[in-house]
Structures are given as C-alpha cells and as structure tokens.
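Chemist: Sharing a structure with you now.
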C-alpha cells in the first residue's frame, strides 16, 4: 500500500536527482556561460582582432570592420541557437532525449578547443565559427533538457525539476561573470581560457550521463519497448511497482495513435493543438521581447549614472547575477506550491511595473539627483520578476501542454521563436535606444502587459495534472471532442470530467 502511495506522489530519488543535475550542468550551464563569457573580455578580444589583422595586412583594422566583426562574434550565438532549435525534432526522435544531449556535446567540446587555441593560431575566425557552434549547442540543450527532465519526473515534481535548467543557465551566467573579473581571466592572457572552459561541463556529461536512464515515455511510446521503459521507471522511482505510471503512459500512447507522427507543418494545421501552439508562441516570444536582454544591456550605464566607479561595475553586475540565481532557486521551491500560471502572472506584472518606473527614472535622472538609485532598484526588481516566471516557466509548459508525438515539433517551434526573438532584440535595441532614449522601455512594458493579459485569459494551471489531463483542458478551447480526435470535428458533447476542469 505504501509503495502504491509512493508511485502516485513520486519522490526525488538519488538517480532522478543526479540525472537532473548532470543533464542541467552539462548542457544548460553552458548556455548561460556562453551568454556572458564574451562580455567582460570584449576589449581584449577586440584588441586581439586588431593585432591579428595588423600582422596579416600591416595596417590597423578600420573601426567599421572591427565593429562588424565583433557584432558577428556576438550575434553568431543566437543565430546558432536558432539553427540548433531546428535540429531538435530530428535528434530527439532518432537518438532519444538522452542520446540527443550526448550528441550535442560535440558542439561544445570542439568550439572550446578552437576558442582556447585561437590566440595561439592567430585566428579570430576560429572564435566567430566557435560562437556559431556553441550557439547550436545552446539551441539544442535549451529545448532537449526541459523535455528530458519533464519526461523523467513524476507529476508532483515536474515543475520543480523543470525549473532546474533555468537555474543552471543563471549559474552559468554568474560563473562567467565571476571568472570574467579583470583580476581572474578577463585580461590579455586569460580570455582564451575563459572561452575554452565551456568544454569542461560537456566532458563531464559525456562521461556520466550514459549511466542514467533514457526517458521512459520515449522508450514506450516511440521505441515500443515496454520492458526497457519499465526498467527505466523502476530505476528512477526506486521501487519495483510502477504499473500505475506505466498505465498512464500507455493511455497517452493510445490517445496519440490517431495523430501519428506530427511534423512542424502538421502541428500548425491541427485544430486539436491550436491554443497550445498559440500559447507556446506567446510565452516564448514574451519571454525574450519583454526586455530582459535590454535590461542587462542598459544595466552598466545605469550603474555608472548612479555613481558606481567604472572599475566596480563588474562587481555590481555579478551581484545582479547572484540575485538572478537566488530567485531561480526560490522558484524551484514555490512552483509546485503556487503553480505555473500564478508565477507567470506575478513575473510579467513585476516586469511591467519595473519597466514603467525605470522609464520615468531614466527620463528624470538629470533633473532629480536620487533618480539613478531608483533605476538600480528597477533593474533588480525586473531581474527578480523575470526569474520568478518569464525565464523558467515557458520551457516547462511546452513539456506539459503537448503530448509525446507533438512535443519535439513544439520544441522546434518554441525554440525557434525564443532564439529569433533574442536575436531581434539584440539587433534592434541599440537603434530603439538611439531613437527613443529613456522611453525605450515603454515598448517592453507594453509587451509585458499584453502577455500578462493573454496568460490571465487563456493559459490554464498545469500543476499536479497528467499530460493527458492538461490536454483535455484545451479541448474546449480548441473546439474538438478529444485530445487527438480522428477527425477535427467541432465541439459536441464533452465528457463531464473535462467540462469540470
């Protein structure tokens, strides 16, 4: 009886905890690390670009050409992320979730070696190519890790474990900021080491992850290997009797037989998945277009205007990164208590208020002496709000609102939206800042407001529900009679259990 109760509630076993940590550290950590790794040593890297150009051509590089090369260095990362997102469906269907993560380490170890040797080889081209490769790595990992952990976790731990990838992204950013202090590796000799360290987590994952189970859902639904799926569940749960969870996966398999293989194109045309698709696109776009990258872009300027010495800005920036890590840890503990929907509403609302107040503070900072301090508070409040909901929850929800056959295609679309939005903000924000000045954040406040309204009106709470139950909630919105109806019929008489939800 006790074992049956354990199966219904689920526990954080040692195997599940280690699988989560190894997957997140080996993949998500690299994403965060490579976001921040080039920021601190940028002036030394650009000097290296100039010196290399001079050695080849016996003249200094033109300012425009240097700016173009550095823009390529930075923008190759989100562009690679977009390419990586397009590869997700094929990789997870052919290699499995765990197999895709192991394969993905190629896109980390190879560029780590190239970046580490770039100074010796006198080639800035190696850095630009490597930034594309680590971007591909981040694009794959940002989609596959939440999918893998969401399929490993029991439903009562799915939210907490689903936030862990975002935690390791923030830890990766913080570690890059700390290693990127001038006194450590952000200097003339240390920057190749700083860039090359991204290969260390990949190497550890390559050594350790093979000893942990593949996703039981992938094994049963896609590989049709019930024995392997049951063994994987028993290893993850720590007990032999997993028949209730196996039965739930079988029901999901039965529900999906009518749909068959779902490609990206088919996902766009299926009425039974329409509102799941729209919700995913809104959340992934809202996550990036809410201004998170712009806040970090503007942060140094805000700190300087508040009187922080230029040499000390790096420490304040690292402090902001520490706040981000702390709030993401807090989210792990409250996501199963407060739910996904509530955290999204609170997070986007907090970002909305922070953007509005920041706009006023920036507009008045030359008039009122203490306004720069309000700006600093706004940056910190924004980081807190984004860490509570907009950063960690959207990727978790993709796992929850789609079933096994549609999940890879959903992650391809969601990941593509994420990286294109990221790239767009990075590309156009400097021009928005030039045109609107302190009023730039009105645009992000508007996006936060619209996203909050959408979440309130459309996105359901998924806490504590099975994947089938969550998809049944959407049947009424989609005006279909079942999760995957054989014919996309208009909504008729729905089962009473669905109407109650």
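Positions of Cβ are set from backbone N, Cα and C atoms, glycine also.
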Chemist: Which residue of 243, 386 does Swiss-Prot report at the same D-fructose site as 31, 166, 287, 295, 296, 297, 418, 419?
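Modeler: Only hit among 243, 386 in Swiss-Prot's D-fructose site, alongside 31, 166, 287, 295, 296, 297, 418, 419: 386.
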Chemist: Going by the topological domains annotated in Swiss-Prot, do residue 60 and residue 182 sit on the same side of the membrane?
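Modeler: Both on the same face of the membrane, per the record.
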Chemist: I'm validating the feature mapping. Which of 256-276, 277-297 is tagged transmembrane segment in Swiss-Prot?
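Modeler: Of 256-276, 277-297, Swiss-Prot gives transmembrane segment for 277-297.
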Chemist: Transmembrane segment per Swiss-Prot sits at which of 40-60, 313-333?
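Modeler: Checking Swiss-Prot against the ranges 40-60, 313-333, the transmembrane segment one is 313-333.
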Chemist: Do you know which of 216-236, 342-362 Swiss-Prot annotates as transmembrane segment?
Modeler: 342-362
Chemist: Can you tell me how spread out the D-fructose site is, meaning the largest CA to CA distance among 31, 166, 287, 295, 296, 297, 386, 418, 419, in Å?
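Modeler: Site span for D-fructose, by Cα atoms: 20 Å.
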Chemist: Please report the distance from the Cα of residue 50 (N-linked glycosylation site) to the Cα of residue 31 (D-fructose binding site), rounded to the nearest angstrom.
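Modeler: Rounded to the nearest whole number, the Cα-Cα distance is 28 Å.
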Chemist: Compare 18-38, 98-118, 313-333, 371-393, 439-459 by their Cβ pairs under 8 Å to the transmembrane segment (277-297) and return the stretch that comes out on top.
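Modeler: The stretch with the most contacts is 439-459.
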Chemist: Between the stretches 68-90, 98-118, 192-212, which one has more Cβ pairs under 8 Å with the transmembrane segment (412-432) than any other?
Modeler: 68-90
Chemist: When you tally the Cβ atoms that lie within 10 Å of each candidate's Cβ, which of the binding-site residues (296, 419) has the highest tally?
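Modeler: Neighbour-count leader: 419.
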Chemist: Determine whether the transmembrane segment (371-393) and the transmembrane segment (98-118) share at least three Cβ pairs under 8 Å, counting only pairs 6 or more apart in sequence.
Modeler: no
